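Pulled from TrEMBL:
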type	residues	note
DOMAIN	22-465	domain 'Major facilitator superfamily (MFS) profile'
TRANSMEM	70-91	transmembrane segment
TRANSMEM	103-123	transmembrane segment
TRANSMEM	129-151	transmembrane segment
TRANSMEM	163-187	transmembrane segment
TRANSMEM	193-214	transmembrane segment
TRANSMEM	279-300	transmembrane segment
TRANSMEM	315-337	transmembrane segment
TRANSMEM	344-366	transmembrane segment
TRANSMEM	372-390	transmembrane segment
TRANSMEM	411-434	transmembrane segment
TRANSMEM	440-461	transmembrane segment
Amino acid sequence: MEKTGERAERKERLTLVLALATLVSTFGSSFQYGYNVAVVNSPTPYMKMFYQHAYELRYGAVMDSSLLTLLWSLTVSMYPLGGFFGSLMVGPLVNKLGRKGTLLFNNIFSIVPAIMMGLSEVANSYEMIIVARFLVGICAGLSSNVVPMYLGELAPKNLRGAIGIVPQLFITIGILTAQVFGIRYILGNREGWPIMLALTGVPAVLELLLLPFFPESPRYLLIQKGDEHAARKALQRVRGWDDVDEELSEMREEDQSERTEGRLSILNLLSFRSLRWQLISIIIMNMGQQLSGVNAIYYYADSIFLSAGVKENDIQFVTVGTGSVNVFMTVAAVFIVEASGRKLLLLLGFAICCVACFVLTIALNFQEGLSWMPYVSIACVIIYVIGHAIGPSPIPYVITTEIFRQSSRPAAFMVAGSVHWLSNFTVGLVFPYLEEGLGPYSFVIFGVICFITLVYIWAVIPETKNKTFQGISQLFAKRNRVEIKVEKAESDTKEEWDKVTAF
(Lines of atoms letter the chains of each structure in order from A and count residues from 1; the text may use other names and numbers.)
(Lines give C-alpha, C1' and ligand atoms only; values in the text may rest on other atoms or scores of the structure.)
Protein backbone atom coordinates (compact mmCIF):
# COMPACT_ATOMS: atom_id res chain seq x y z
CA MET A 1 0.00 0.00 0.00
CA GLU A 2 1.25 3.47 -0.92
CA LYS A 3 2.49 5.77 1.79
CA THR A 4 0.64 9.03 2.47
CA GLY A 5 3.78 11.11 1.85
CA GLU A 6 4.35 9.48 -1.53
CA ARG A 7 0.73 10.08 -2.49
CA ALA A 8 0.94 13.76 -1.50
CA GLU A 9 4.20 14.15 -3.41
CA ARG A 10 2.66 12.55 -6.49
CA LYS A 11 -0.22 15.03 -6.45
CA GLU A 12 2.18 17.95 -6.83
CA ARG A 13 2.94 16.95 -10.41
CA LEU A 14 1.73 18.86 -13.43
CA THR A 15 0.94 16.06 -15.91
CA LEU A 16 1.43 16.40 -19.66
CA VAL A 17 -2.31 16.00 -20.33
CA LEU A 18 -3.21 18.79 -17.89
CA ALA A 19 -0.46 21.06 -19.24
CA LEU A 20 -1.50 20.55 -22.87
CA ALA A 21 -5.24 20.94 -22.08
CA THR A 22 -4.37 24.22 -20.37
CA LEU A 23 -2.28 25.47 -23.30
CA VAL A 24 -4.80 24.45 -26.00
CA SER A 25 -7.83 25.95 -24.23
CA THR A 26 -6.08 29.19 -23.22
CA PHE A 27 -4.43 29.78 -26.61
CA GLY A 28 -7.62 28.84 -28.47
CA SER A 29 -9.93 31.00 -26.32
CA SER A 30 -8.27 33.39 -23.83
CA PHE A 31 -5.64 34.53 -26.36
CA GLN A 32 -8.43 35.69 -28.68
CA TYR A 33 -10.02 37.74 -25.92
CA GLY A 34 -6.80 39.70 -25.39
CA TYR A 35 -6.03 39.95 -29.10
CA ASN A 36 -9.40 41.50 -29.89
CA VAL A 37 -9.09 44.00 -27.02
CA ALA A 38 -6.09 45.64 -28.73
CA VAL A 39 -6.43 44.70 -32.41
CA VAL A 40 -8.24 47.88 -33.54
CA ASN A 41 -5.97 50.34 -31.67
CA SER A 42 -3.02 50.70 -34.05
CA PRO A 43 -4.89 50.54 -37.40
CA THR A 44 -7.56 53.05 -36.26
CA PRO A 45 -6.63 55.82 -38.79
CA TYR A 46 -6.57 53.37 -41.71
CA MET A 47 -9.86 51.75 -40.74
CA LYS A 48 -11.49 55.18 -40.46
CA MET A 49 -10.17 56.01 -43.94
CA PHE A 50 -11.81 52.80 -45.19
CA TYR A 51 -15.11 53.77 -43.55
CA GLN A 52 -15.01 57.15 -45.31
CA HIS A 53 -14.01 55.60 -48.65
CA ALA A 54 -16.75 52.92 -48.46
CA TYR A 55 -19.37 55.58 -47.65
CA GLU A 56 -18.20 57.78 -50.54
CA LEU A 57 -18.33 54.90 -53.04
CA ARG A 58 -21.78 53.87 -51.83
CA TYR A 59 -23.48 57.25 -51.52
CA GLY A 60 -21.33 59.57 -53.62
CA ALA A 61 -20.90 61.99 -50.71
CA VAL A 62 -18.33 62.72 -48.02
CA MET A 63 -19.08 61.12 -44.65
CA ASP A 64 -19.93 63.59 -41.92
CA SER A 65 -17.41 63.60 -39.04
CA SER A 66 -20.14 62.98 -36.47
CA LEU A 67 -21.27 59.87 -38.38
CA LEU A 68 -17.68 58.63 -38.53
CA THR A 69 -17.35 59.15 -34.76
CA LEU A 70 -20.59 57.22 -34.19
CA LEU A 71 -19.54 54.33 -36.46
CA TRP A 72 -16.14 54.09 -34.80
CA SER A 73 -17.69 54.20 -31.32
CA LEU A 74 -19.94 51.32 -32.36
CA THR A 75 -16.93 49.39 -33.70
CA VAL A 76 -15.15 49.70 -30.35
CA SER A 77 -18.15 49.32 -28.01
CA MET A 78 -19.75 46.34 -29.81
CA TYR A 79 -16.96 44.17 -28.40
CA PRO A 80 -17.76 44.61 -24.67
CA LEU A 81 -21.48 44.58 -25.49
CA GLY A 82 -21.02 41.20 -27.18
CA GLY A 83 -19.00 40.12 -24.15
CA PHE A 84 -21.99 40.91 -21.91
CA PHE A 85 -24.34 38.77 -24.03
CA GLY A 86 -21.73 36.01 -24.17
CA SER A 87 -21.61 35.98 -20.36
CA LEU A 88 -25.39 35.50 -20.21
CA MET A 89 -25.01 32.38 -22.38
CA VAL A 90 -22.47 30.72 -20.06
CA GLY A 91 -24.89 28.94 -17.69
CA PRO A 92 -27.19 27.29 -20.25
CA LEU A 93 -24.31 26.23 -22.50
CA VAL A 94 -21.96 24.75 -19.86
CA ASN A 95 -24.84 22.81 -18.30
CA LYS A 96 -26.02 21.48 -21.69
CA LEU A 97 -22.74 21.01 -23.63
CA GLY A 98 -20.22 20.74 -20.79
CA ARG A 99 -17.15 22.92 -20.28
CA LYS A 100 -15.11 21.50 -23.16
CA GLY A 101 -18.18 21.27 -25.42
CA THR A 102 -18.96 24.96 -24.84
CA LEU A 103 -15.39 25.97 -25.75
CA LEU A 104 -15.64 23.98 -29.00
CA PHE A 105 -19.05 25.49 -29.81
CA ASN A 106 -17.71 28.97 -29.00
CA ASN A 107 -15.30 28.83 -31.95
CA ILE A 108 -18.26 29.61 -34.24
CA PHE A 109 -18.23 33.12 -32.69
CA SER A 110 -14.58 33.50 -33.69
CA ILE A 111 -14.23 31.85 -37.10
CA VAL A 112 -17.34 33.48 -38.65
CA PRO A 113 -16.43 37.06 -37.57
CA ALA A 114 -12.78 36.47 -38.59
CA ILE A 115 -13.96 35.70 -42.14
CA MET A 116 -16.32 38.71 -42.06
CA MET A 117 -13.58 41.12 -40.95
CA GLY A 118 -11.10 39.70 -43.44
CA LEU A 119 -13.52 40.21 -46.34
CA SER A 120 -14.95 43.56 -45.19
CA GLU A 121 -12.65 45.66 -47.40
CA VAL A 122 -13.35 43.51 -50.48
CA ALA A 123 -17.10 43.74 -49.78
CA ASN A 124 -16.76 47.50 -49.14
CA SER A 125 -18.78 47.08 -45.94
CA TYR A 126 -17.94 48.62 -42.57
CA GLU A 127 -21.18 47.09 -41.26
CA MET A 128 -19.50 43.67 -41.52
CA ILE A 129 -16.77 44.85 -39.12
CA ILE A 130 -19.28 46.24 -36.60
CA VAL A 131 -21.38 43.03 -36.60
CA ALA A 132 -18.20 40.90 -36.46
CA ARG A 133 -16.96 42.85 -33.42
CA PHE A 134 -20.22 42.02 -31.64
CA LEU A 135 -19.89 38.30 -32.51
CA VAL A 136 -16.25 38.12 -31.46
CA GLY A 137 -17.34 39.87 -28.23
CA ILE A 138 -19.73 36.97 -27.59
CA CYS A 139 -16.75 34.65 -28.07
CA ALA A 140 -14.74 36.64 -25.50
CA GLY A 141 -17.65 36.75 -23.03
CA LEU A 142 -17.96 32.98 -23.15
CA SER A 143 -14.25 32.16 -23.13
CA SER A 144 -13.39 34.57 -20.30
CA ASN A 145 -15.79 32.64 -18.05
CA VAL A 146 -15.70 29.07 -19.36
CA VAL A 147 -11.90 28.61 -19.60
CA PRO A 148 -11.27 29.43 -15.89
CA MET A 149 -14.20 27.16 -14.97
CA TYR A 150 -12.89 24.29 -17.12
CA LEU A 151 -9.31 24.56 -15.87
CA GLY A 152 -10.37 25.13 -12.25
CA GLU A 153 -12.30 21.85 -12.35
CA LEU A 154 -9.47 19.96 -14.09
CA ALA A 155 -6.66 21.12 -11.78
CA PRO A 156 -5.80 19.52 -8.43
CA LYS A 157 -6.25 21.89 -5.49
CA ASN A 158 -2.52 22.46 -5.05
CA LEU A 159 -2.17 23.72 -8.65
CA ARG A 160 -5.57 25.39 -9.04
CA GLY A 161 -4.27 28.92 -8.44
CA ALA A 162 -1.33 28.70 -10.84
CA ILE A 163 -3.38 27.07 -13.61
CA GLY A 164 -6.24 29.51 -12.94
CA ILE A 165 -3.95 32.44 -13.83
CA VAL A 166 -2.86 30.94 -17.18
CA PRO A 167 -6.02 32.22 -18.98
CA GLN A 168 -5.14 35.78 -17.88
CA LEU A 169 -1.55 35.18 -19.02
CA PHE A 170 -2.78 34.30 -22.50
CA ILE A 171 -5.07 37.35 -22.50
CA THR A 172 -1.98 39.52 -21.93
CA ILE A 173 -0.06 37.57 -24.61
CA GLY A 174 -2.99 38.21 -26.98
CA ILE A 175 -2.85 41.94 -26.23
CA LEU A 176 0.93 41.99 -26.76
CA THR A 177 0.62 40.04 -30.04
CA ALA A 178 -1.94 42.56 -31.36
CA GLN A 179 0.39 45.42 -30.32
CA VAL A 180 3.32 43.80 -32.18
CA PHE A 181 1.24 43.08 -35.31
CA GLY A 182 -0.02 46.67 -35.07
CA ILE A 183 3.45 48.14 -35.66
CA ARG A 184 3.24 50.21 -38.85
CA TYR A 185 5.66 48.16 -40.96
CA ILE A 186 4.10 44.80 -39.94
CA LEU A 187 0.27 44.84 -40.24
CA GLY A 188 -0.80 48.16 -38.69
CA ASN A 189 -1.00 49.84 -42.10
CA ARG A 190 -3.40 50.51 -44.95
CA GLU A 191 -2.97 47.11 -46.59
CA GLY A 192 -2.48 44.93 -43.52
CA TRP A 193 -5.38 45.78 -41.18
CA PRO A 194 -7.95 43.31 -42.71
CA ILE A 195 -5.41 40.47 -42.31
CA MET A 196 -4.70 41.62 -38.75
CA LEU A 197 -8.40 41.49 -37.86
CA ALA A 198 -8.90 38.11 -39.57
CA LEU A 199 -6.01 36.41 -37.72
CA THR A 200 -8.27 35.96 -34.67
CA GLY A 201 -9.70 32.89 -36.43
CA VAL A 202 -6.37 31.01 -36.40
CA PRO A 203 -6.36 30.09 -32.65
CA ALA A 204 -10.04 29.10 -32.98
CA VAL A 205 -9.29 26.64 -35.79
CA LEU A 206 -6.40 25.12 -33.79
CA GLU A 207 -8.62 24.71 -30.72
CA LEU A 208 -11.34 23.12 -32.83
CA LEU A 209 -8.81 20.56 -34.11
CA LEU A 210 -6.95 19.82 -30.85
CA LEU A 211 -9.32 20.23 -27.87
CA PRO A 212 -11.47 17.15 -28.73
CA PHE A 213 -8.45 14.99 -27.77
CA PHE A 214 -8.55 16.22 -24.15
CA PRO A 215 -10.97 15.17 -21.37
CA GLU A 216 -14.13 16.94 -20.26
CA SER A 217 -14.25 18.25 -16.68
CA PRO A 218 -14.51 15.19 -14.38
CA ARG A 219 -16.66 17.19 -11.94
CA TYR A 220 -19.15 17.96 -14.72
CA LEU A 221 -19.23 14.31 -15.79
CA LEU A 222 -19.83 12.99 -12.27
CA ILE A 223 -21.95 15.65 -10.59
CA GLN A 224 -24.02 16.93 -13.49
CA LYS A 225 -24.07 13.98 -15.91
CA GLY A 226 -23.99 11.26 -13.25
CA ASP A 227 -21.45 9.26 -15.30
CA GLU A 228 -18.94 7.95 -12.75
CA HIS A 229 -17.14 5.73 -15.24
CA ALA A 230 -16.43 8.64 -17.62
CA ALA A 231 -15.47 10.87 -14.68
CA ARG A 232 -13.00 8.27 -13.36
CA LYS A 233 -11.47 7.82 -16.82
CA ALA A 234 -11.12 11.60 -17.33
CA LEU A 235 -9.61 12.07 -13.87
CA GLN A 236 -7.11 9.25 -14.42
CA ARG A 237 -5.97 10.84 -17.68
CA VAL A 238 -5.55 14.29 -16.13
CA ARG A 239 -3.80 13.04 -12.96
CA GLY A 240 -1.61 10.44 -14.70
CA TRP A 241 -2.38 7.57 -12.28
CA ASP A 242 -5.18 5.08 -11.58
CA ASP A 243 -5.85 5.73 -7.89
CA VAL A 244 -8.33 8.63 -7.99
CA ASP A 245 -10.75 7.29 -5.37
CA GLU A 246 -10.00 10.09 -2.89
CA GLU A 247 -10.91 12.85 -5.36
CA LEU A 248 -13.97 10.98 -6.61
CA SER A 249 -15.08 10.59 -2.99
CA GLU A 250 -14.77 14.37 -2.47
CA MET A 251 -16.83 14.95 -5.64
CA ARG A 252 -19.51 12.50 -4.48
CA GLU A 253 -19.63 14.32 -1.14
CA GLU A 254 -20.17 17.61 -2.97
CA ASP A 255 -22.76 15.96 -5.24
CA GLN A 256 -24.65 14.57 -2.25
CA SER A 257 -24.70 17.94 -0.53
CA GLU A 258 -26.14 19.63 -3.61
CA ARG A 259 -28.81 17.12 -4.54
CA THR A 260 -31.55 19.17 -2.91
CA GLU A 261 -30.43 22.33 -4.72
CA GLY A 262 -30.20 21.05 -8.30
CA ARG A 263 -28.72 23.45 -10.82
CA LEU A 264 -29.09 27.00 -9.64
CA SER A 265 -30.32 29.82 -11.87
CA ILE A 266 -29.27 33.42 -11.26
CA LEU A 267 -32.56 34.01 -9.38
CA ASN A 268 -31.84 31.01 -7.13
CA LEU A 269 -28.32 32.32 -6.58
CA LEU A 270 -29.68 35.68 -5.43
CA SER A 271 -32.07 34.03 -2.96
CA PHE A 272 -29.73 31.50 -1.29
CA ARG A 273 -28.46 32.80 2.05
CA SER A 274 -25.64 30.24 1.96
CA LEU A 275 -24.21 31.98 -1.14
CA ARG A 276 -24.88 35.60 -0.18
CA TRP A 277 -21.34 36.78 0.57
CA GLN A 278 -19.83 34.75 -2.27
CA LEU A 279 -22.17 36.57 -4.67
CA ILE A 280 -21.40 40.00 -3.23
CA SER A 281 -17.68 39.19 -3.39
CA ILE A 282 -17.59 38.33 -7.09
CA ILE A 283 -19.61 41.47 -7.91
CA ILE A 284 -17.23 43.72 -5.92
CA MET A 285 -14.10 42.03 -7.34
CA ASN A 286 -15.25 42.25 -10.97
CA MET A 287 -16.42 45.84 -10.60
CA GLY A 288 -13.15 46.72 -8.87
CA GLN A 289 -11.15 44.98 -11.61
CA GLN A 290 -12.77 46.95 -14.45
CA LEU A 291 -13.58 50.27 -12.71
CA SER A 292 -10.05 50.56 -11.29
CA GLY A 293 -8.95 52.52 -14.36
CA VAL A 294 -6.95 49.90 -16.25
CA ASN A 295 -8.52 50.81 -19.61
CA ALA A 296 -8.17 54.52 -18.84
CA ILE A 297 -4.46 54.03 -18.09
CA TYR A 298 -3.98 52.51 -21.54
CA TYR A 299 -6.11 55.29 -23.07
CA TYR A 300 -3.95 57.96 -21.42
CA ALA A 301 -0.63 56.21 -22.08
CA ASP A 302 0.02 57.70 -25.53
CA SER A 303 -0.40 61.30 -24.33
CA ILE A 304 1.78 60.57 -21.28
CA PHE A 305 4.54 59.14 -23.46
CA LEU A 306 4.28 62.11 -25.85
CA SER A 307 4.60 64.61 -23.01
CA ALA A 308 7.72 62.78 -21.81
CA GLY A 309 9.39 63.45 -25.14
CA VAL A 310 8.82 60.08 -26.82
CA LYS A 311 8.56 60.59 -30.60
CA GLU A 312 5.12 59.93 -32.02
CA ASN A 313 6.42 57.16 -34.28
CA ASP A 314 8.18 55.49 -31.33
CA ILE A 315 5.11 55.38 -29.07
CA GLN A 316 4.02 52.09 -30.69
CA PHE A 317 7.28 50.49 -29.48
CA VAL A 318 6.85 51.90 -25.95
CA THR A 319 3.31 50.48 -25.95
CA VAL A 320 4.71 47.07 -26.92
CA GLY A 321 7.19 47.45 -24.03
CA THR A 322 4.31 48.13 -21.61
CA GLY A 323 2.49 45.05 -22.96
CA SER A 324 5.65 43.00 -22.38
CA VAL A 325 5.78 44.14 -18.74
CA ASN A 326 2.14 43.03 -18.40
CA VAL A 327 2.97 39.55 -19.74
CA PHE A 328 6.11 39.24 -17.58
CA MET A 329 4.29 40.14 -14.34
CA THR A 330 1.39 37.77 -15.14
CA VAL A 331 3.97 34.98 -15.64
CA ALA A 332 5.40 35.90 -12.23
CA ALA A 333 1.89 35.67 -10.71
CA VAL A 334 1.54 32.10 -12.08
CA PHE A 335 4.64 31.04 -10.15
CA ILE A 336 3.98 32.87 -6.87
CA VAL A 337 0.21 32.45 -6.41
CA GLU A 338 0.47 29.04 -4.73
CA ALA A 339 3.17 30.27 -2.34
CA SER A 340 1.72 33.69 -1.53
CA GLY A 341 -1.99 32.87 -1.77
CA ARG A 342 -4.80 34.63 -3.64
CA LYS A 343 -5.71 37.23 -1.02
CA LEU A 344 -2.21 38.71 -0.63
CA LEU A 345 -1.82 39.17 -4.40
CA LEU A 346 -5.21 40.90 -4.61
CA LEU A 347 -4.41 43.23 -1.70
CA LEU A 348 -0.93 44.01 -3.01
CA GLY A 349 -2.19 44.56 -6.58
CA PHE A 350 -5.03 46.93 -5.64
CA ALA A 351 -2.73 48.81 -3.22
CA ILE A 352 -0.14 49.38 -5.99
CA CYS A 353 -2.87 50.52 -8.44
CA CYS A 354 -4.35 52.86 -5.80
CA VAL A 355 -1.02 54.57 -5.07
CA ALA A 356 -0.14 54.76 -8.80
CA CYS A 357 -3.46 56.51 -9.58
CA PHE A 358 -2.96 59.19 -6.91
CA VAL A 359 0.70 59.82 -7.82
CA LEU A 360 -0.23 59.93 -11.54
CA THR A 361 -2.82 62.62 -10.79
CA ILE A 362 -0.14 64.76 -9.13
CA ALA A 363 2.40 64.08 -11.91
CA LEU A 364 -0.04 64.99 -14.70
CA ASN A 365 -0.86 68.27 -12.97
CA PHE A 366 2.78 69.32 -12.57
CA GLN A 367 4.41 67.89 -15.68
CA GLU A 368 4.24 71.18 -17.58
CA GLY A 369 6.18 73.02 -14.88
CA LEU A 370 8.78 70.40 -13.93
CA SER A 371 11.01 68.86 -16.61
CA TRP A 372 11.40 65.53 -14.79
CA MET A 373 7.72 65.05 -13.91
CA PRO A 374 6.71 63.39 -17.23
CA TYR A 375 9.09 60.54 -16.36
CA VAL A 376 7.22 60.11 -13.07
CA SER A 377 4.03 59.77 -15.16
CA ILE A 378 5.63 57.04 -17.29
CA ALA A 379 6.80 55.26 -14.12
CA CYS A 380 3.23 55.43 -12.73
CA VAL A 381 1.81 53.82 -15.88
CA ILE A 382 4.34 50.96 -15.71
CA ILE A 383 3.88 50.49 -11.93
CA TYR A 384 0.08 50.48 -12.35
CA VAL A 385 0.36 47.79 -15.07
CA ILE A 386 2.59 45.70 -12.75
CA GLY A 387 0.09 46.03 -9.88
CA HIS A 388 -2.90 45.09 -12.01
CA ALA A 389 -1.08 42.14 -13.60
CA ILE A 390 -0.21 40.43 -10.29
CA GLY A 391 -3.63 40.68 -8.63
CA PRO A 392 -6.72 42.49 -9.99
CA SER A 393 -6.42 41.07 -13.53
CA PRO A 394 -5.96 37.31 -12.92
CA ILE A 395 -7.10 36.47 -9.38
CA PRO A 396 -10.88 37.23 -9.54
CA TYR A 397 -11.33 34.41 -12.09
CA VAL A 398 -9.50 31.98 -9.80
CA ILE A 399 -11.56 32.96 -6.75
CA THR A 400 -14.87 32.81 -8.66
CA THR A 401 -14.10 29.19 -9.55
CA GLU A 402 -13.10 28.35 -5.97
CA ILE A 403 -15.81 29.95 -3.82
CA PHE A 404 -18.74 28.34 -5.66
CA ARG A 405 -19.59 24.66 -5.86
CA GLN A 406 -20.73 22.70 -8.92
CA SER A 407 -24.45 23.53 -8.85
CA SER A 408 -23.93 27.29 -8.43
CA ARG A 409 -20.70 27.80 -10.44
CA PRO A 410 -22.29 28.35 -13.92
CA ALA A 411 -24.78 30.93 -12.58
CA ALA A 412 -21.97 32.59 -10.60
CA PHE A 413 -19.85 32.96 -13.73
CA MET A 414 -22.85 34.45 -15.55
CA VAL A 415 -23.15 37.10 -12.82
CA ALA A 416 -19.38 37.71 -12.66
CA GLY A 417 -19.08 37.91 -16.45
CA SER A 418 -22.06 40.24 -16.81
CA VAL A 419 -20.65 42.61 -14.16
CA HIS A 420 -17.19 42.41 -15.79
CA TRP A 421 -18.39 43.32 -19.29
CA LEU A 422 -20.96 45.93 -18.20
CA SER A 423 -18.25 47.65 -16.13
CA ASN A 424 -15.87 47.45 -19.10
CA PHE A 425 -18.54 48.96 -21.36
CA THR A 426 -19.29 51.69 -18.80
CA VAL A 427 -15.64 52.78 -18.53
CA GLY A 428 -15.36 52.96 -22.33
CA LEU A 429 -18.53 55.03 -22.49
CA VAL A 430 -17.93 57.36 -19.52
CA PHE A 431 -14.15 57.90 -19.48
CA PRO A 432 -13.98 60.33 -22.44
CA TYR A 433 -16.46 62.58 -20.57
CA LEU A 434 -14.55 62.17 -17.29
CA GLU A 435 -11.34 63.12 -19.06
CA GLU A 436 -12.99 66.17 -20.62
CA GLY A 437 -14.58 67.32 -17.37
CA LEU A 438 -11.98 66.36 -14.76
CA GLY A 439 -8.77 65.86 -16.75
CA PRO A 440 -6.05 64.21 -14.63
CA TYR A 441 -8.35 64.29 -11.57
CA SER A 442 -10.36 61.45 -13.12
CA PHE A 443 -7.64 59.13 -11.76
CA VAL A 444 -8.62 60.14 -8.21
CA ILE A 445 -11.94 58.35 -8.81
CA PHE A 446 -10.08 55.22 -9.95
CA GLY A 447 -7.77 55.44 -6.94
CA VAL A 448 -10.76 55.60 -4.57
CA ILE A 449 -12.37 52.56 -6.28
CA CYS A 450 -9.09 50.62 -5.87
CA PHE A 451 -9.01 51.54 -2.17
CA ILE A 452 -12.65 50.53 -1.52
CA THR A 453 -12.09 47.18 -3.30
CA LEU A 454 -8.92 46.63 -1.26
CA VAL A 455 -10.75 47.23 2.04
CA TYR A 456 -13.54 44.83 1.05
CA ILE A 457 -11.09 42.07 0.09
CA TRP A 458 -9.17 42.51 3.35
CA ALA A 459 -12.36 42.34 5.44
CA VAL A 460 -14.37 39.65 3.63
CA ILE A 461 -12.45 37.40 1.21
CA PRO A 462 -10.86 34.34 2.89
CA GLU A 463 -7.67 32.70 1.68
CA THR A 464 -8.68 29.78 -0.57
CA LYS A 465 -5.20 28.41 -1.33
CA ASN A 466 -4.93 24.60 -1.26
CA LYS A 467 -8.50 24.06 0.01
CA THR A 468 -11.23 21.82 -1.39
CA PHE A 469 -14.41 23.38 -2.82
CA GLN A 470 -16.31 21.88 0.11
CA GLY A 471 -13.81 23.35 2.59
CA ILE A 472 -14.13 26.82 1.02
CA SER A 473 -17.93 26.63 1.41
CA GLN A 474 -17.34 26.02 5.12
CA LEU A 475 -15.21 29.20 5.31
CA PHE A 476 -18.15 31.30 4.09
CA ALA A 477 -20.77 29.49 6.21
CA LYS A 478 -20.21 31.59 9.35
CA ARG A 479 -20.41 34.91 7.48
CA ASN A 480 -23.57 33.74 5.71
CA ARG A 481 -25.07 32.71 9.09
CA VAL A 482 -25.69 29.13 7.97
CA GLU A 483 -24.49 25.72 9.13
CA ILE A 484 -23.05 23.09 6.83
CA LYS A 485 -23.08 19.71 8.53
CA VAL A 486 -21.57 16.66 6.89
CA GLU A 487 -22.23 13.22 8.30
CA LYS A 488 -20.37 10.32 6.77
CA ALA A 489 -21.79 6.83 6.95
CA GLU A 490 -19.91 3.76 5.77
CA SER A 491 -21.01 4.13 2.17
CA ASP A 492 -23.13 7.24 2.11
CA THR A 493 -22.60 10.89 2.76
CA LYS A 494 -25.48 12.92 4.15
CA GLU A 495 -25.46 16.63 4.54
CA GLU A 496 -27.84 19.06 6.07
CA TRP A 497 -27.31 22.06 3.80
CA ASP A 498 -28.33 25.65 4.27
CA LYS A 499 -29.68 25.18 7.79
CA VAL A 500 -30.16 28.76 8.94
CA THR A 501 -29.06 29.85 12.39
CA ALA A 502 -30.33 32.95 14.16
CA PHE A 503 -29.90 35.93 11.83
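Every residue, even glycine, has its Cβ placed from backbone N, Cα and C.
Remember, TrEMBL labels are computer predictions, not curated facts.
Same-chain residues lying 6+ beyond the ends of the transmembrane segment (411-434) with a Cβ under 8 Å from its Cβ atoms: 76-77, 80-81, 83-84, 86-88, 90-91, 94, 141, 144-146, 148-149, 263-266, 268-269, 275, 278-279, 282-283, 285-287, 289-291, 293, 295-296, 299, 396, 400, 403-404, 442, 445. Below 8 angstroms of C-beta separation, residues 21-22, 25-26, 29-30, 32-33, 36, 40, 47, 71, 74-76, 78-90, 93-94, 99-100, 102-103, 106-107, 109-110, 112-114, 116-117, 120, 163-164, 166-167, 171, 197, 200, 204, 217, 397-398, 400-401, 409-410, 413-414, 416-417, 420-421 of the same chain, each at least six residues beyond the ends of the transmembrane segment (129-151), sit close to that stretch.
Pairs of Cβ atoms less than 8 Å apart link the transmembrane segment (315-337) most often to 163-187, out of 70-91, 103-123, 163-187, 279-300, 440-461. Sequence-distant residue pairs (6 or more apart) of the transmembrane segment (103-123) and the transmembrane segment (279-300) include fewer than 3 whose Cβ atoms are under 8 Å, leaving the two stretches without contact. Residues of the same chain lying 6 or more positions beyond the ends of the transmembrane segment (279-300) and with a Cβ under 8 Å from any Cβ of it are 269-270, 346, 350, 353, 357, 381, 384-385, 388, 392-393, 395-396, 399-400, 403, 412, 415-416, 419-420, 423-424, 426-428, 431, 434-435, 442-443, 445-447, 449-450, 452-453, 456-457, 460-461. Through the fold, the transmembrane segment (344-366) approaches residues 285, 288, 292-294, 304, 333, 336-337, 373-374, 376-377, 380-381, 383-384, 386-393, 395-396, 399, 439-441, 443-444, 446-447, 450-451, 453-454, 457-458, 461 of its own chain, all at least 6 residues removed from its boundaries and within a Cβ separation under 8 Å.
Per-residue confidence over the domain 'Major facilitator superfamily (MFS) profile' (22-465) averages out at a pLDDT of 87.
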